[in-house]
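Taken verbatim from Swiss-Prot:
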type: DOMAIN; residues: 2-91; note: domain 'HPr'
type: ACT_SITE; residues: His16; note: active site, tele-phosphohistidine intermediate
type: MOD_RES; residues: His16; note: phosphohistidine
type: REGION; residues: 143-653; note: region 'PTS EI'
type: ACT_SITE; residues: His301; note: active site, tele-phosphohistidine intermediate
type: MOD_RES; residues: His301; note: phosphohistidine
type: BINDING; residues: Arg408, Arg444, Asn566, Asp567, Arg577; note: phosphoenolpyruvate binding site
type: ACT_SITE; residues: Cys614; note: active site, proton donor
type: DOMAIN; residues: 688-830; note: domain 'PTS EIIA type-2'
type: ACT_SITE; residues: His750; note: active site, tele-phosphohistidine intermediate
type: MOD_RES; residues: His750; note: phosphohistidine
Amino acid sequence: MALIVEFICELPNGVHARPASHVETLCNTFSSQIEWHNLRTDRKGNAKSALALIGTDTLAGDNCQLLISGADEQEAHQRLSQWLRDEFPHCDAPLAEVKSDELEPLPVSLTNLNPQIIRARTVCSGSAGGILTPISSLDLNALGNLPAAKGVDAEQSALENGLTLVLKNIEFRLLDSDGATSAILEAHRSLAGDTSLREHLLAGVSAGLSCAEAIVASANHFCEEFSRSSSSYLQERALDVRDVCFQLLQQIYGEQRFPAPGKLTQPAICMADELTPSQFLELDKNHLKGLLLKSGGTTSHTVILARSFNIPTLVGVDIDALTPWQQQTIYIDGNAGAIVVEPGEAVARYYQQEARVQDALREQQRVWLTQQARTADGIRIEIAANIAHSVEAQAAFGNGAEGVGLFRTEMLYMDRTSAPGESELYNIFCQALESANGRSIIVRTMDIGGDKPVDYLNIPAEANPFLGYRAVRIYEEYASLFTTQLRSILRASAHGSLKIMIPMISSMEEILWVKEKLAEAKQQLRNEHIPFDEKIQLGIMLEVPSVMFIIDQCCEEIDFFSIGSNDLTQYLLAVDRDNAKVTRHYNSLNPAFLRALDYAVQAVHRQGKWIGLCGELGAKGSVLPLLVGLGLDELSMSAPSIPAAKARMAQLDSRECRKLLNQAMACRTSLEVEHLLAQFRMTQQDAPLVTAECITLESDWRSKEEVLKGMTDNLLLAGRCRYPRKLEADLWAREAVFSTGLGFSFAIPHSKSEHIEQSTISVARLQAPVRWGDDEAQFIIMLTLNKHAAGDQHMRIFSRLARRIMHEEFRNALVNAASADAIASLLQHELEL
């Protein structure tokens, strides 16, 4: 008669691959037959087989037995009883959670390929491959053998003619440009016509220098002035001076005498110490695949242009370290801040797959570029863009923006030695309106001071700048600055739909003062016979909690509100979001914050006014159902987020979203809200676990890395996962614990992850087997279940799969299935889904 060991499974994740291997290893040290019996399921399995153990569907809390019979049953009984009591409960540690505080590492599917990497700082994301092509930086001092002077009169005449030609050439290029290109050419036109530059050039030739010598001397003079500035913005303008001066050399002496460096004839990743905007514009964009710069910041005109053309760009690059790979194929990875040199075939295939996925995503999103945002039940909610400069407007509207919900004008005041004048601001707003083509732009007046210091205003540093002297609170002291901005906005309003929005309003006194100044600015323009929109709308940021309690009074004086969710969160919850010690308290899913939002939206709508939201919260897809439930009139977000937001909104029913919001406001903790949202995502679409679009047949993937990357990419394209690399990392974490190869050329990679939107069983049938741990696999069934899924669904499905795969008939049916639909149907039937 068999000896019996009775025990309860205390493993939090049940018996999966790792603990099963421990049981299997220990049981195989005995000759006796040992059977595992799960009393809950009444399933039995050979304890010397990990696959059979998994098939018993043993979960946490299950009552189980080991039945032992054979020559050494006494010894086995004693040893296994002790092990099950003392060691078994501790043989499966939970997987460590990945923290996102630090820079995320490279994807595991890439690092496993052992690529040779050089890191740099990303200023424009994306990835591409091409020939590493050096571009000579524009060093006027290295030109050498400058032409000699032919007399003062001749040089002055040549200089005057050259300056005229430069201006005409820039104006000609402006006729065929728009967006960022237009704005930067305008900056160059301003430089070429600059009085100080002209005077310095003329002084040089009057002193006997040739035009070339005077141009180089003038460039050095102004570049030295800029380089002494503590402002990175001004330092980067030195490149524009050299650019315009080189254009002047070319106009006077010809391009043969001073040829522009860099002509592209093949797909290229260009590298340079620095690149002028004109050099960038001259590069053939059909061949330019990436840009590597030794110097250049986020405000560099070249970097701004690269962004507008969606060229992956890295700065801070060690150019000398790249010299050995000139004229060789490399890859730029702007998503990871990496340059990959000497790529082997596997690395090349990795980036080819990246390119295919990005092309597919762009094709998916194309339909949303021109469609208005609506919920599934037809409720209209405008999706607008946040921008900080007119150069961003064209790309935003091209990405599907229905308006600009936030034009942050403070960026126009920062990193310079003096405030922009009325004409400069007017031109910037007009450029943005040109791209808008009749669509609305909400201009937020300068939110400077406090945490956004401007040197020339001499606002002293503060202990708590978020609560200090900033935004509307500085306007009275700097009234002329505020009036200048109001005048520029009003003048531009004659050319399109502009609205004015005031930041940091906390009282009626501030609103009334602003309206007084706005009325004065309007009267000035009337007296000067300058046209503007007499009915221009005035709104305020709803970011200081006190405003929520005077909404009725505010509505008597203003036209609209826009919720600044970032600041409102920190003010309402008393959290400095830049203080790492209290960051965990900064959570816009706090039920108190959600209640505050709902109160504000309903109060505004009762007064018949418009209210939008322009904080970071608007771009979070997971929170979108709550924002729809609030009944907001508009959501404003970063431009790249717009197509996906429209697509997600089209799947939401506003009535269901309202019910969800009510449930969220009834929660007691942020964690409960997160769990509620996760459950809503899983049930909203009622998406089946198995679907043909997540099944690929005869895949050409040649390694485990390609399989996991490809299958998670498919989940992204199917709309079931927004962060495929994070989901992939969770799968690799499981693989690091124990390989999920099951034998029979089958593997079942699996994970419970917060990065899967809809729990999914994916399938890949490969053309040829790939190495999977110590075995090979050709048929992959990937199980990805949402971390917040209720119950033990993950282990139940895994257990059923393991049991079925032990049967040859089931394996053959999967391997020989004629279509993805046939595989989906078979899995649904066999797994009782």
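Including glycine, each Cβ sits where the backbone N, Cα and C put it.
Most Cβ neighbours within 10 Å among the recorded positions Arg408, His750: this distinction goes to His750. Each residue contributes its Cα atom, and for His301 (active site, tele-phosphohistidine intermediate) and Asn566 (phosphoenolpyruvate binding site) these two points are 29 Å apart.
All chains included, 24 other C-beta atoms sit within 10 angstroms of the C-beta of Arg444 (phosphoenolpyruvate binding site).
Closest to His750 (active site, tele-phosphohistidine intermediate) in space, going by CA atoms and restricting to the binding-site residues Arg444, Asn566, Asp567, is Asn566. The residues of the domain 'HPr' (2-91), classed with DSSP into helix (H, G, I), strand (E, B) and coil, number 33 helix, 23 strand, 34 coil.
In sequence order, Ala384, Asn386, Gly405, Leu406, Met541, Ser562, Ile563, Gly564, Ser565, Ser636, Met637 are the residues near Cys614 (active site, proton donor), counting only same-chain partners six or more apart with C-beta under 8 A. Sequence-distant neighbours of Asp567 (phosphoenolpyruvate binding site) (same chain, 6+ residues apart, CB-CB distance under 8 A): Phe466, Met504, Met541, Glu543, Val544, Gly615.
For the domain 'PTS EIIA type-2' (688-830), residue counts in helix, strand and coil come to 63 helix, 39 strand, 41 coil, using DSSP. Averaged over the region 'PTS EI' (143-653), the predicted model reaches a pLDDT of 89. A simple Cβ count within 10 Å picks out one of the recorded positions His301, Asn566 as the most packed, and that one is His301. Cys614 (active site, proton donor) falls outside any helix or strand according to DSSP and counts as coil.
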